[in-house]
2 protein chains.
Amino acid sequence: MNSVKVGLLGMGVVGSGTWTVLERNAKEIARRAGSTIEITKIAALNVEHAKSLVNNKAIITKDAYEIIKDPDIDIVVELIGGDGVALDLVMAAIDNGKHVVTANKALLAKHGNKVFAKASEHGVMVAFEAAVAGGIPIVKSIREGLTANRIEFAAGIINGTTNFILSEMRSTGLPFKEVLKQAQELGYAEADPTFDIEGVDAAHKLTLLASLAFGIPIQFEKAYIEGISNLSSDDIIHAEKLGYRIKLLAITKRREDGIELRVHPSLIPSGCLLSNVEGAMNAVLVKGDAVGPTLYYGQGAGGEPTASAVVADLVDITRLHTADPENRVPHLAFQPESLCNIPILPIEMVSTSYYLRMRVKDRPGVLADISKILSDLNISIGSMIQQCSDKDSEADIIFITHDSIEKNINISIKKIESLEFMCSKITRIRIEDIS
Amino acid sequence: MNSVKVGLLGMGVVGSGTWTVLERNAKEIARRAGSTIEITKIAALNVEHAKSLVNNKAIITKDAYEIIKDPDIDIVVELIGGDGVALDLVMAAIDNGKHVVTANKALLAKHGNKVFAKASEHGVMVAFEAAVAGGIPIVKSIREGLTANRIEFAAGIINGTTNFILSEMRSTGLPFKEVLKQAQELGYAEADPTFDIEGVDAAHKLTLLASLAFGIPIQFEKAYIEGISNLSSDDIIHAEKLGYRIKLLAITKRREDGIELRVHPSLIPSGCLLSNVEGAMNAVLVKGDAVGPTLYYGQGAGGEPTASAVVADLVDITRLHTADPENRVPHLAFQPESLCNIPILPIEMVSTSYYLRMRVKDRPGVLADISKILSDLNISIGSMIQQCSDKDSEADIIFITHDSIEKNINISIKKIESLEFMCSKITRIRIEDIS
């Protein structure tokens, strides 16, 4: 049986997961691939730790370039993360004619166009199933499973940390900061959680999904990003009463005039499958014009789930590396020369419905004044709730609008907030009636 | 740009859906495939109907062999159904060196081993994404997306007709026969619904999933099949109260001593994603040792959803037909020489928990007698509900057992039914605590 030789860069959680899965399932994987897939060299920052995990200590090195220059290695697996040294190593590996497998969404979201162009130039593959939604084969499903379709939108819960926090906030009623602390203690959130809780990680992944869905270059810098750190438990409770759950949703949608690309907290109907994705799980809903709605669900992070995607890519490359480069599946689903520069729409042009919560003085005329501002801006109200607040003389009002242009919503918020009877800023959360 | 020439056998719902999707999305598909994919000949029983759908009437023929013998045609798409003439045509197409795409689960479940062997012999591909769960890319996900994993089980709702009927029975409280009639009027059930409602269609698909998951030959004749025609609305209501929904579940599970392969109504926990798959939708839950649980959801039938899978297969073949046959993805996920003959377990050896409902005379000692029979057979009771029936002197009892061997359950049912105080047969429904 043929053997494919792999060099592993990085022996953290996903690196050691990949090593473990390839070892444990070697026979099962070879039965599928028709070749054995063997890690013949591992570069690790912490050499001692790596040696503790591997029987054959001789394959561990501190020098990543030893792997990249090794003529016996067919595929380099980059599991270092970030876009510093990892980018240099990936580019050097491609220059040396290696195929690359990576789980690095930050790198591809920021430098993917350059990386894929270089890969095409050298006739090698850069596979990245593990970069989006961990073990869920979402890259393959969009890129190969839905090729018949004009994709209409993809919307997903693609950051496990934030979904865990939101699920906990809902079930315990605790505030964000407290739940974040718990998540850090349980290992669901990092010591510096900024990338996760501010939506940056989800936006990295969304940017890749948008390219796969619509055949556009990767344009991370144009994504609208809003995290969950300002969400209050109150809004989660109000949402529940109104028949919604709040999720950090990553959405990319094709419209006639361009493409929406946005990550932010969203109210989604409690009955739909996406709203029932709880804890650290991920799910992506993809709608195509022929297939209709499809949903993909699974673990979006963790050593072995992510390794599952890494190894699937290794098997794919094992099968395809003897094929004509031009007959391989294109990196971004569409042939490189067929990528289109459809404009990414600024958030002000997004059209959706909105949840607006505010506290006002409880007296006549308040509702009339607010309603007039909304109607003047062509914002129509789907439903409204007014309830007593904890102060006698004040009331809380929640509006659910029909679909409106965000620009108009922003203007209305400014105008309403300047009214003399307002006792709070307005909390604005977008609503997605997806299914 | 290259052009791949396709001959279409059958112009029914899926045939015309395939024609429509290839026409409407021709540009989008070519941007992905790097070739145009063109239907150059269509064989239809009803030539006039086919001509009404297609501008270029000259490509319509009544003679399917005209397509199979056409040297210009690269790929034959078989959308006739059944395993009579369709089998002859598929075998002849392979003999003539054509690649084949088919949506025909009955044909593959019964003759797949023979079909794939002949295809390998001739170096052609037989692609069948459309044969399982319509537009959901489940074949690709298991075969290519989860190659790293030792699959533990696959469990799915893979027949839309029965899921529609069960959803309606639950929401309306109407009996099976009445809902079936509605389903027929709405086009969700065929005039002769036997294949769907008796679980045969689901078993065809499950048989293929089992081979893809475990690397075993296709063994439809060993599947256990039980349909939904005997389900009563009472059981659906009782299930709901106990925190379950009833679904027609197709399950294949790897155990140490063999593989379970079974289709039957199942109680599944109301909170899990599968139980929330309603109406004619399909979903498959696949658990791998590395990735954990993953779920795939979408439309399992209908013209365009199924066409989505047919066209995805056409694109795959377009890409792979110049590749070495030995480097292509194997038909059944594992290399043909690596298929294992793991035994399929008879239903008597299945181990799961059970819902047992019975009516008894309301008098002392009844519970003691029944409990003794169960405990003598090593069946332990998880919970029990006793309630008044519509007759004063009788009571309804429902037992939920812990995991037990089906053989013992069968013996216990026989013994209990022979007790003198029994007023009914026992209704037995299996419970799956999957997640």
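Placed from the backbone N, Cα and C atoms, the Cβ positions cover glycine too.
Residues or ranges marked as active site, proton donor by TrEMBL: A:K205. The NADP(+) binding site feature in TrEMBL is assigned to A:L9, A:G10, A:M11, A:G12, A:V13, A:V14, A:G15, A:S16. Residues annotated as NADPH binding site in TrEMBL: A:K105. Taken from TrEMBL, the feature L-homoserine binding site applies to A:E190. Annotation source TrEMBL lists domain 'ACT' at A:355-431.
For the recorded site, A:V13 (NADP(+) binding site), the DSSP three-state label reads helix.
Set side by side, the binding-site residues A:L9, A:V13 differ in how many other CB atoms lie within 10 angstroms of their CB, and the most is found at A:L9. Listed in sequence order, the residues of the same chain lying 6 or more apart from A:S16 (NADP(+) binding site) and placing their CB within less than 8 Å of its CB are A:L53, A:G303. DSSP places the residues of the domain 'ACT' (A:355-431) in helix, strand and coil in these numbers: 23 helix, 31 strand, 23 coil. Listed in chain order, the residues near the NADP(+) site other than A:L9, A:G10, A:M11, A:G12, A:V13, A:V14, A:G15, A:S16 are A:L8, A:G17, A:T18, A:A44, A:L79, A:I80, each with its Cβ within 8 Å of the site Cβ centroid. Around the Cβ of A:V14 (NADP(+) binding site), 27 further Cβ atoms fall within 10 Å across all displayed protein chains.
Considering other CB atoms within 10 Å as the measure, the emptiest surroundings among the recorded positions A:M11, A:G12, A:G15, A:E190, A:K205 are those of A:E190. The closest partner of A:G15 (NADP(+) binding site) among the recorded positions, by CA position, is A:K105; the full candidate set was A:K105, A:E190, A:K205.
Around the Cβ of A:G10 (NADP(+) binding site), 25 further Cβ atoms fall within 10 Å across all displayed protein chains. The CA atom of A:V13 (NADP(+) binding site) is located 13 Å away from the CA atom of A:E190 (L-homoserine binding site). Ranked by Cα separation from A:G12 (NADP(+) binding site), the recorded positions A:K105, A:E190, A:K205 are led by A:E190.
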